[in-house]
Every structure is written in C-alpha cells, then in structure tokens.
Amino acid sequence: MVNYEVTVSTGDLAFAATFNNVFIKLVGTDGESKRTWLKGALQFTNGTLISCPVSIGKLVLIELDKQCLPLFPEDTWFPTKVEVKSPEGDTYNFPIYRWINDSEVHRFREGTALRVFEDNHHLGRYSRQKELDQREKDYRWHVYVEGIPHCMKSTDPISLPCEVRFSFTKNTEFLYTAATGLTELQLKGLADCKKNWTNIDDINRVFCSKRTDISDYVHEHWKEDAFFGYQYLNGLNPMLIRRCSALPDNFAVTDDMVSLHGQGSLRNEMKKGNIFLCDYKRLDGVKANIINLKKQYLMAPLVLLHKTPDDKLMPIAIQLKQTPADDNPIFFPTDSEYDWLMAKIFVRSADFSEHQLNVHLLRTHLLAEVFAVSLLRNVPMVHPLYKLLIPHTRYTLQINYLARSLLISETGVFIQFAASGGEGMMTILKRSLSSMRYSSLCLPDDIAERGVEAVPNFYYRDDGLKLWNIIQRFVQGVLSFYYKNDAEVQKDSELQKWISDIFEHGFLSQASTGIPQSFTTVAELVKFVTMVIFTCSGQHSAVNTGQYDYGGWMPNTPTFPDVNTTVQGMATMWLLSKQSSDFVPLGQYPEDHFSEKIPCKLIKDFQGELEGLSVVIKARNKKLEVPYTYMDPRELENSVAI
C-alpha cells in the first residue's frame, strides 16, 4: 500500500466552516483513490492519510463533496485549498476559493497553471470543460441599456455566485455606512429640504460637519484660478487636459483677448507647448435633468489654460457652449469677479458629469465588470490568466450591481440629484463609449497622445507611469513564463475567447475603439493585461478615492443644487470614498493561486517594487501643499471594490 497525505484548509471568513461530512477522491494519470471521509466537523484532521494499493501516478484533480449529518441541515463551506503529498515525495496544490453549498461532487484541478496546449489528459480536459459549462450558467451577459457595456445578469446580490459576493465584513460595513451616512455627517434633518441655498455661509455650516485635510484646502482655495487649473492635473478628472497646438474653429480666442503673463503671443506659447485645452464636447446638447421640479443647466465648455513661468496652470479663457453666438460669450479673468467665477462654476459642474459618467463609471466600473465576467465565463481556474487576474475582480460584480440599483436606476441618487441624471446620463455614457479608444486606457499612450509629458506638477502622470511600468514588468514576467512564443498565445482558445467576449460585450464590437479582437503576440497580451490590472486598481483609485476630498465642498463640484441635493450628494461621496476594513492593497494576494516557484518569486518582486514606489510617493508628498496619495500602492485597492 502507498499513502497520500491530505491537508484541507478552510477560509478565515464568517460562516466558512461546515458541520457536514466532507469526502475526497484523488484522481491521477494511472488511477484513482477510494472516496475517503475527511474526519471531523468544522475543522479537519491535518495530514489525513489516503491509502492506495499502488501509486495512481501524477495527480490530475480531486473530487470533493459534502453530505449532511443526521439531524443537521445542509450548510455552506468555503474551502481555500487542498494540499496532497504523494508517496513519491511530490506536493500537489489544489486551489479552490469558492463556496460549496450543495451535496454534488465538485472537481478541482491541480494548481500548476498549465498552458492549454500542454493539458492533454482526458480527465483534465473533462474537468476543465465541466467547470466552464457551469460558469457559463452562473455568469450570463445582460444588456442593461443599449449602447453601453453589457453587465452580468443578476436580480439581487443574493443571486450572485457566492464566491463573488461581499464578505460578511464588507457587506455589514457597506450597509452601515450607507444607512448612517447622513447621520454621520450630521445632515439628517436636511435630507428632505427642497429650498434653495441663500448664501455661502449656510453651505459652509453643512460642510463643517465632516472634513478632510484636502477638503479643507478645497474649501479655502476653490475660487482661485491656480487651484482651478491644478485640478485638471491632480483632481478627480486628470483625463481631459491636452496640449493645444491649434485652437478649434469654434473657440475664437485671439492675442488681444488674453493675458499670457508677459510671455508673448498665443501662437508662440502654443509652439512652446504652454497652452492646453479642455473640451467638454461630449456634453453638447445633452438634455439636463429636472430636480425638485426645477430645470437644471448643463454646459459643454471649452477651457483654455496657460502654463506660466512659475509652473502654474492658469485658465485664460472659457466658452460655456460649443457653438459661437452672441449669447455665448468668451469669459476671461479680466471680467468682473462674479462673471469669471460663475463661468468657472459652470465648468466645474460640467467636469462633475464628465468625471462621474465617463471617467469613473464607464472607464473603471463598467469595464472592470466586463473584464471580470469574461474571465469567469471563459477561463478555468487552472489557467495562468485566471490566477493573474482573479484578485483584481474582487467585489466588482456586487458593487456594480449596487451602483445600478442605488445610483443610476430610475430611483437612484444620480438620477434624482445630478444635473446630468435621467435621459442625459445615458446620452453621455453612449457618446463616451463610442469615442473611447484603446490607447486612452493605456496610460503611456494616453499621456503621449494628449501631449502632456512635460507638464510640471502632474503627479497623476508621474505616479501612474511608475505604477504602470511596475505592473507591466510583473505581467511580462508571469506571462512569459507560460507563453514561450507568439504561437502559444495564438493557440490558446480560452485566452482568445476571453478577449473576443470583451470586444463584443464591453466595446460592442466597435472596431473603431482599437480594442484587440484576438491576441497574436505575447507583447499584445502583456499590454492588454497590464491595462486591465491598472484600470481595476490604480486608475480606479485615482478617479474614485478623492471624491469626498474634492466634492465634499459642494461649490467645487456644483450642480446648483437645493439643500437636499447637496446633502445627498455629500453622503454618497462619503460612502464611495470610505475604505472597508477588509481592503486588500495592490499586490497583496491573500489567496495562493500560483504554486510554481518563478511566479511566486515574481509576486515577491512585484510587492517589493510597489513598496519602493510607496516610499517615494510618501517622501514627495511631505513637501507638497496638497499631497497626492491616490496612486500610492499602500493606499489603493487591488480591485474595483467600492
């Protein structure tokens, strides 16, 4: 007889253990063991021995099932992994990380991330296909609204597969924060007040209920031109500004209209790369919302900015609508104080809509869901791509379900309280997807295309490029370990189905987006996977985490709201900026999906590089009046989880 030593681990989660009997069978290339009872309830006896008459060869998979004890109900169990030591001295790892809530037999492959073209054993192929068949049933595509990325079909959070739902901790904290936000901000009595604000002092009294260091800075400096320009670099929307080498035909600014701080003509400053444009053309003609029976206003501004000799980015001209007309003047800093301030307020209001709907919702949340659903439908657990990307899908499906039901549904907060809510919201989302390009999702390409490589004090760019490069080196190392040449990428049918589904369901088969429809080289694959990880971690943090910092003081992200609109907006931004206690920072992997030495070493190297970047960012921030923390690896989450 030969013995196999089996160790089973259960997750450290609420309700993860089971009172049911658990059984295991080992399946190898040369045979299989008997179905064996793993003794004990709640916990298992480590090192359970399974005896076989002869060796069953290289282990291919295990079969797990659990059965009710007499008088006990069927419960749920969250096993994390099974380790098996063979009589030949080999150790096999079977990652699981999923809930088992029935008495069916569940098969799990050995953890070595074999490439598809090496996976020739019939049992492995059978197990793999069974897994994907079940996944296709569990993760189904749904058209929420025509013209925007598809999402996962679900009726409520409970209908989501157990393994993608919030943890008990996350769910409890999220619901508590959502339910108590107005109370915590001391705004409960104002939630139903539909009166206009009559003066800035009243808004100030509400704002003082809960503040951060940056929100205090915003409160003090929001009227200033220098801070207005600074936010295009390091505020919530660093994605719009681009170098201007020629004015658009619909923005007729001339030298005699603007002050360039003693630096000569507009043409010369353009040649030097000192003139920048922010164009909100996606908002042109969008139907504004009606809130509290009052029509709202939504502009589509053009904003011209100048980099001054002291490296400040200063607004020099604002046109609030796209089409030149007598009733569409160009505003300048030399206008009256309140005319100029009002023009900037309309711009900040437009920026709120562009940020929330295009930069935040579409380009991080909705795309992250597409990446996740396609992964879960098309790629088995044993695949290296699954192992690499599954940590970056954590909580995304549930947070997006909640966003659709609580924020952008017909009764959602955004619909009720934002100027671009309602019909206008979907117009903006559809336009944003149609105008999106793959290059704009890849930070190095995007920075180059916008011509902002040399803009000083652009911390989003500086930290983001370093982060992108660290992620790219990690992805390159891992994928190159499994794919030795381009042909191996081309032959991987599961990989090709993943990108095909993303192109079809995420980008609606629009070739103009430039999104790959298939992968032909390792380099193409590395770039796309780098973009996915960056989008789900650093990019989401950059456009999400500072929402209360920059939007808590309502006049900085205004929709000219009534009292109830202001306080509901503050409570929502407070919720969406609040980190949960089971937050997992970028590069930390509580689940051990990789077992090979080289990928495990690459993970350690990745973590070391991220820690080094964090140290550099923290040292830099000590010297800044306004610290930029949103790309600090210690501070940003591994996934779109809030």
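FYI, residue positions are counted from 1 along the chain as it appears here.
Including glycine, each Cβ sits where the backbone N, Cα and C put it.
Nobody curates TrEMBL annotations by hand; they come from automatic prediction.
According to TrEMBL, the protein has these features:
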DOMAIN    2-114  domain 'PLAT'
BINDING   ASP75  Ca(2+) binding site
SITE      TRP99  site 'Essential for stabilizing binding to COTL1'
DOMAIN    114-642  domain 'Lipoxygenase'
BINDING   HIS360, HIS365, HIS540, ILE642  Fe cation binding site
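Every protein chain shown contributes to the tally, and the Cβ of ASP75 (Ca(2+) binding site) ends up with 15 other Cβ atoms within 10 Å. Each residue in the domain 'Lipoxygenase' (114-642) has a pLDDT score, and their mean in this model is 93.
TRP99 (site 'Essential for stabilizing binding to COTL1') and HIS540 (Fe cation binding site) are 28 Å apart (CA-CA, integer value). Under a cutoff of 8 A between CB atoms, and with a sequence separation of 6+ in the same chain, the neighbours of TRP99 (site 'Essential for stabilizing binding to COTL1') are THR76, TRP77, PHE78, PRO161, CYS162, GLU163. Note on ILE642 (Fe cation binding site): other Cβ atoms within 10 Å of its Cβ, all shown chains, come to 22. Around HIS365 (Fe cation binding site), the same-chain residues at least 6 positions away in sequence with a Cβ under 8 Å from its Cβ are THR396, ILE399, ASN400, ALA403, HIS540, VAL640. Excluding HIS360, HIS365, HIS540, ILE642 themselves, the residues of that chain whose CB lies within 8 A of the CB mean position for the Fe cation site are, in sequence, LEU361, THR364, ALA368, ILE399, VAL543, ASN544, LEU576, VAL640. Look at the domain 'PLAT' (2-114): DSSP puts its residues at 0 helix, 54 strand, 59 coil. Straight-line distance linking the Cα atoms of HIS360 (Fe cation binding site) and ASP75 (Ca(2+) binding site), rounded to a whole number, equals 39 Å.
For ILE642 (Fe cation binding site) paired with ASP75 (Ca(2+) binding site), the C-alpha to C-alpha distance reads 29 Å.
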